[in-house]
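Pulled these features from Swiss-Prot for this protein:
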- 200-210: compositional bias 'Pro residues' (COMPBIAS)
- 251-262: compositional bias 'Pro residues' (COMPBIAS)
- 393-407: compositional bias 'Pro residues' (COMPBIAS)
- 427-438: compositional bias 'Pro residues' (COMPBIAS)
- 507-520: compositional bias 'Pro residues' (COMPBIAS)
- 588-599: compositional bias 'Pro residues' (COMPBIAS)
- 656-680: compositional bias 'Pro residues' (COMPBIAS)
- 17-92: domain 'Ubiquitin-like' (DOMAIN)
- 1: N-acetylmethionine (MOD_RES)
- 96: phosphoserine (MOD_RES)
- 113: phosphoserine (MOD_RES)
- 964: phosphoserine (MOD_RES)
- 973: phosphoserine (MOD_RES)
- 1081: phosphoserine (MOD_RES)
- 1117: phosphoserine (MOD_RES)
- 87-126: region 'Disordered' (REGION)
- 189-272: region 'Disordered' (REGION)
- 242-636: region '4 X 29 AA approximate repeats' (REGION)
- 385-441: region 'Disordered' (REGION)
- 461-528: region 'Disordered' (REGION)
- 560-603: region 'Disordered' (REGION)
- 651-692: region 'Disordered' (REGION)
- 947-1132: region 'Disordered' (REGION)
- 1010-1040: region 'Required for interaction with GET4' (REGION)
- 415-443: repeat '2' (REPEAT)
- 574-602: repeat '3' (REPEAT)
C-alpha cells in the first residue's frame, strides 16, 4: 500500500529517525530508519529483530495504534518509545462456517451465521494474544471408553498480573483515544471552539470472526447504552483475534486438532515501575484532551433539566451524542484507574524492582451476559483457556468440521457471546486413520494460563458411531457392558498415583441420539438415564475446573426433552432455555428404560436445571426427562456443580436406581454464623440416609475425590496426595501471608477467628466430604472446635449453662444492628416485634449449638452438629416467613439485601445473578418446608407482650446473638429442594437442647431478688440494661474530631477505652503487645512506674509531644478544636 502523503507538511523534515521499540518482555531496541518510511515498512524492518511477523505486530504510541499507511514522522516518534505487542493477523474474509478439517477454531458460534452488525463508528479492539479467553468444544465417546484429561495450569509469561494490568490499561487508553478522536472530529464541537482533530483515527477494523454478544455494543455510536462493562468487548474481541490465528488458511502445515498457542518462554515477565509511569503520563495527557469536552458536558447537563429542544432537533442530537461519548470516556478512564490502582512497587526488594498487585484481577473481572437464557447467564472471560484434543474417529468429509454447517444448527442455537472452538472434533492427527469402528481413549488437554479462572467449556458426549459429516447414528441397544461398576472401581485406584490425569469410564450410554440437525429426530425413546450420565460426566469434568478455581463455570446443559429439537453433534449455546434434567442411570446391565414419570412442565424443567446444576437434581420431577445434546449452563463457585456430577456418576454404578443425590449439608454450625462468601451453601440435610452414596465407604469416596482434586491441585503446585489446607492453598496462590490469620483484615472477632480455624484445618477434600453428607471432617475437628470455643467463646470459664448464655450475649451484643438493618425495608406482620423475635430465636439456637460443641465428646459429635445447623436453618426460614405474613418476596428481599451488603466489592453482575438464584432456590425450599407453623409460634414475640416467664435472659443473650440470623439465613437459606424433602422425611426437627423457655424464665426470675420489687413488664428491660452495661463490646479509642461531634450524653456513657495516660498502664500494654518481659517482677516494675515523680514527668512529656504535633499539623485549627486547644496548647 502506498503511503498517504495528504497530511505531509511543508516543514523541513529530518532524513532519518531514531525510534525506540519496547516489547512486552521489557526489552527496548533502537532502530534508525528513514523519515519517509511508513509504518508497514517499519514493521517489516524490525520483524527479524523482535521475532514477530509484521502482520502480527501492533505498534502503540501514546495510546494510539500506528496505522500501516501512515508515515512514522506523522506520529512524531523520533527519539520516542513505541510499544510493540503481538496480535493475531486480521482476517481478510469471514469463515464459511466450516473450515478444512484441521481442528481450527474459526467456526462461528452459530455454525456459519453472519456476525452481529456493528455501528458505523465501531472499532474492533485487537488484543494481545494472551491473558484473555479462548473457548472451545470437545467431544467424548459414548461407547464406554476412557477419557484421559490432562489439566495444565502453567502460567504463560504474559500472565504476570502486573503486566496484564498494564496491557489492559493500554487497551482502554486506546479505546478512550478512539472516543476522543470521534469527539474531536464532530463538526458542531469545532464550531463551538472545541479542539481541532489530531492526526488520529480509530484503530483498524479487522473483520469480526464471531458474532458480538447481544448484550454488548462495542463502542457504537451510542456507547453509553452498552449494558456491558468495558472489559467485556475487549475480552470478547480478543477471542476474535486469537481464533483467526488458528485458521487453516493462515497457519502453514497441518495443525493439530485444537488451538495451538504461540510458544512462550517460562521466564517471568513483570513490568518495571517506569512502564507504569509511562501509562500514567499517557492517562494525564488523555485527561487534558478530555477537559474541553468535559466543560461542554457540564454545561449540557447543568441545563438539561429545563432546556427546550422542541425546535432544535439537531442540537438535541449533538448534545446527546456528547453526553454519550463523554460518559463512555469517563467510564473507560475510571476503569483504567481501577485496573492500575492495585499496582505496587516494593522498595524493600533488591534491584531491579518490578511491579506487583495487591488484589487479584478476578475482583474486577466482569462477566458477560447471555440474554437468551431464562435468566441472564454470567460468563467470565478474563483469562486464557486453550483446549486441545486428539484422538481417532471416522474421517470427516473434506469440508465438514465439528459443527456441521447447515440451517438446522443455526436454527437450533442462538447468537451467543462466546466463540465455540472445536478442538476435539477436527481431523485426526497426521498418520493413518484407524477404521471407523475402532475407539480409543481421547485425550483432552485443558491449558489454563492464569491463576484467574476461566470459563467456557462446551462438552458433547459424542456417539462412537458418528458418521462422516459429524452426524451421530442411533445405536440399537445399550453399548455399555454390565461391568461398569467394576470398571470404575478399577480406574479409581489410579488417581493418587497419577495426579496429573483423571481417568473416567462412562456408564451406560443412551439408547438413541438426536439425528442430524437437518433431518428428522431419530425414532426411539430418549433415555433419561443415559443422558443423565452424559450430563454428569460433563459436569464432573467442566465443573471440576471451575469449582476449585472459584469462578463461574460453564457446565453441560440441554434443551427440554418433551419435544427435543434436533441438536448438532457439537454442543453450543441454547436458544432460549437453560433446562437440563440430570438423573442417575439405572443399574448397569439392567433395563435402560426411564422410570414412568409424567413429563414435567417447562417451568419444572427450568427449576430442575437450576437446582440440578447448583445443588444436584431437584426432586423426582427431574427423573427420566429426556434431554437433547448437552450445551451450556452456569455453576457458581461454592456450590457443588462438580459434586453433583460426581454424585450422579457414582450413583450410576449402584445396583438400584437411587434417590436424588444428597444435598450439600452445612459447614460446622459456627461457620453458618460467619457470613461466608455469597454462593457457599450453608444448609442441607445432615445424613445421607437411604441415598445411593451411603453404600460407598468414606475411604472410597475420599480416594475418588482426592484423585480428582489432585489433578488441579498438583497443577497449582501442591504435592501429590497432599491434604493442603484451604488457607494455605489460597495464601500460596495469592502470595499474601495474612489471609485467614485471626485479627487480619476481614477476620474480625469470634466469627472471623472461627472461619480462620476452619480454613486452616479443612482441605478441599474435607469440604467435598461435608457437602456430600459425610461428617468425618467435623468429627476430626472436634478437639480444636472445643478448645476454640472454650478459649474464645467462654474466655476460659467453665462451660456451665449460665456461662454459655452470658458468652452468647457478649458475642452477639454488637450484631443486633444487622437484624434491624435487614428488616428495615420490609413490611412486618402487624404487632410482631421482628427484632426481639429473631434475637430470642437465635439466642436459643446458638446456645444449643455452643453447648453441643462444648459438652459432646462421643462419636455423634459431627452428625449432631449438622443436624443442629439444619434445624436452625429451617426454623429460621419458617419463623421469618411467618413474621412477614407469609410473603416469600419479602423474605427473599431480606436475604438478598444481606447478600448485597456482604458482597460489597464483589462484581455487581455476579451478585445480581446470585440473588436471582437464591430467590429461585428459596422458593423451592419453602414449597417443601419441613417445619410447620406450630413449631415456630413459640418464638414469635409481639409488641407490648409481657415478658414470657423467662424470655428475657435468653433474649438478651439472644438479643445480640441472634443478630446473626440474617447472615446465616442469607448463606444458608438457599437450600436445595431435596434437602427440604429429606428433612421432611425425617419428621419434625427435635426440640432444642436445654430446658423449656418457661423453666429458664422461672429460674431467671428466682435468681433476681429485685424482680419482685418492680412491675413485671420492667424486669426484662432492667435485665437487658444490666447485661448490656456489664458486657460492652470493646472498641478502639475514638478521635477528638469524632468525640467533638458526639452528643455529650452519649460521650459520657461511652465505655470504650481511651488513650492510656498512666505510664504503668501504657508500658504494660506496650510490653504485652511486643511480647517483652521485665527483668524484675511485673509488680516491682509497676510500683516503679507509679511513682508520682515518674508519672508527672510522663504527663509533661506527653503534653509536650502533643503540643509539638499540634504546632506542626497544618490541618489543626484551635477554633475548630477548642477542647484540644485548652487541654494541650494553653499553659496549665
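Note that Cβ sites are derived from N, Cα and C of the backbone, with glycine treated the same way.
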When DSSP states are grouped into helix, strand and coil, how many residues of the domain 'Ubiquitin-like' (17-92) land in each?
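Going by DSSP assignments, the domain 'Ubiquitin-like' (17-92) contains 19 helix, 29 strand, 28 coil.
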Take the Cβ of residue 1117 (phosphoserine) and count every other Cβ within 10 Å, whichever protein chain it belongs to.
11
Would you mind reading off the Cα separation of residue 1081 (phosphoserine) from residue 1117 (phosphoserine), to the nearest angstrom?
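Distance (Cα to Cα, whole Å): 45 Å.
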Does DSSP give residue 1117 (phosphoserine) helix, strand or coil?
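Note: residue 1117 (phosphoserine) is coil by DSSP, not helix or strand.
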So what's the average pLDDT for the region '4 X 29 AA approximate repeats' (242-636)?
50
